[in-house]
Amino acid sequence: MPSYRPPKIATSEITPQQVYLRRREFLGAATLGAMALYSAGKASAAALSVIESKYTVDEKTTPLKDVTSYNNFYEFGLDKGDPAALSGDFKPLPWTIKVDGMVNKPGTFDVEALMKEFPIESRTYRMRCVEAWSMVIPWDGFPLASLLDKVEPLGSAKYVAFETVVRPEEMPGQKGIFQSLDWPYLEGLRLDEARHPLTLLAVGLYGETLPNQNGAPIRLVVPWKYGFKGIKSIVRITLTDREPKNTWQVTNPQEYGFYANVNPEVDHPRWSQATERRIGESGFFGAGRHPTLPFNGYADEVASLYSGMDLKANF
Ligand SMILES: Nc1nc2c(c(=O)[nH]1)N[C@H]1C(S)=C(S)[C@@H](COP(=O)(O)O)O[C@H]1N2
Ligand SMILES: [Mo]
């Protein structure tokens, strides 16, 4: 994604999934060690008891193996296979989230306790990465609004800021020469976006607790925005009256903004956003290519949040 790394971008963006998979096969023995780590990570997966929800889409879900092996999680490395291969030492539990700032009842909450307190819903959402690929993922989680209600935001709070954990010892992308971004990874939403019923704190996918590479134990999912808004492995949530900084905007403000609403009419400076490659389907310009929908197909639910706003200027 960074503009100072054009060869990386070019590869991840133009590599058709089949070639990507073949290249993985080709890696052969070298991959075995990584696969061992990967299964070690998977061993901690636990079944969740989830309730069905009305949130689903009439499209094929992306196979679990693709959802868990083609990832962006720069704390573990820049290549799509790095998060699965290099997150085996990451310990997602026990885990607490600090919620502070402009609230009546700040607190530090144990994630496992939150998972008992709030019903875990199954929600299948489209996920559209700013790099023009997409998936359909059955998440399990609870609305961010449930947690916000618990801490009682003050009337003066206008935004919500999020922070990912910093653990260089467990996250190889956070140390030494593998540094890519400034840590911690940061994200933010307007308070009304954060309270929107579609906005989810995911604790699982496909009915099991989140794999490390997908942001264990708890990550944000905002389905009408580009994937980078979906911050992983969250340790802090802060209510504020100022628009929060988000990592990709800070890294490259020409290319990434605060809002990051999926919009086929506003191209990325280096590629079109009109279509997307659906991971797990074959073909680059063929069967795997889908038109990108305004607000990722969620316009009926969320377009009113932005009425009167210039969505080209607020990209
Ligand atoms: N902390 C953190 N969160 C992150 C990222 C990251 O590098 N670090 N990548 C983002 C991007 S660009 C995308 S597309 C999604 C990918 O989520 P997935 O790997 O679960 O599909 O996570 C987002 N959340
Ligand atoms: Mo992304």
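Glycine too: its Cβ is placed from the backbone N, Cα and C atoms.
TrEMBL annotates ASN71, TYR74, GLU75, CYS129, ASN214, ARG219, GLY230, ILE231, LYS232 as Mo-molybdopterin-binding residues; of THR108, THR164, THR275, the candidate listed for that same site is THR164. Long-range Cβ neighbours of ARG219 (Mo-molybdopterin binding site) (same chain, at least 6 residues apart, Cβ-Cβ under 8 Å): LEU201, ALA202, LEU210, GLY230, ILE231, LYS232, SER233, ILE234. In the three-state DSSP assignment, the secondary structure recorded for ARG219 (Mo-molybdopterin binding site) is strand. Shown in sequence order, GLU75, TRP183, PRO184, TYR185, LEU186, ILE231, LYS232, SER233, ILE234, VAL235 are the residues of the chain, 6+ apart in sequence, with a C-beta less than 8 angstroms from the C-beta of THR164 (Mo-molybdopterin binding site).
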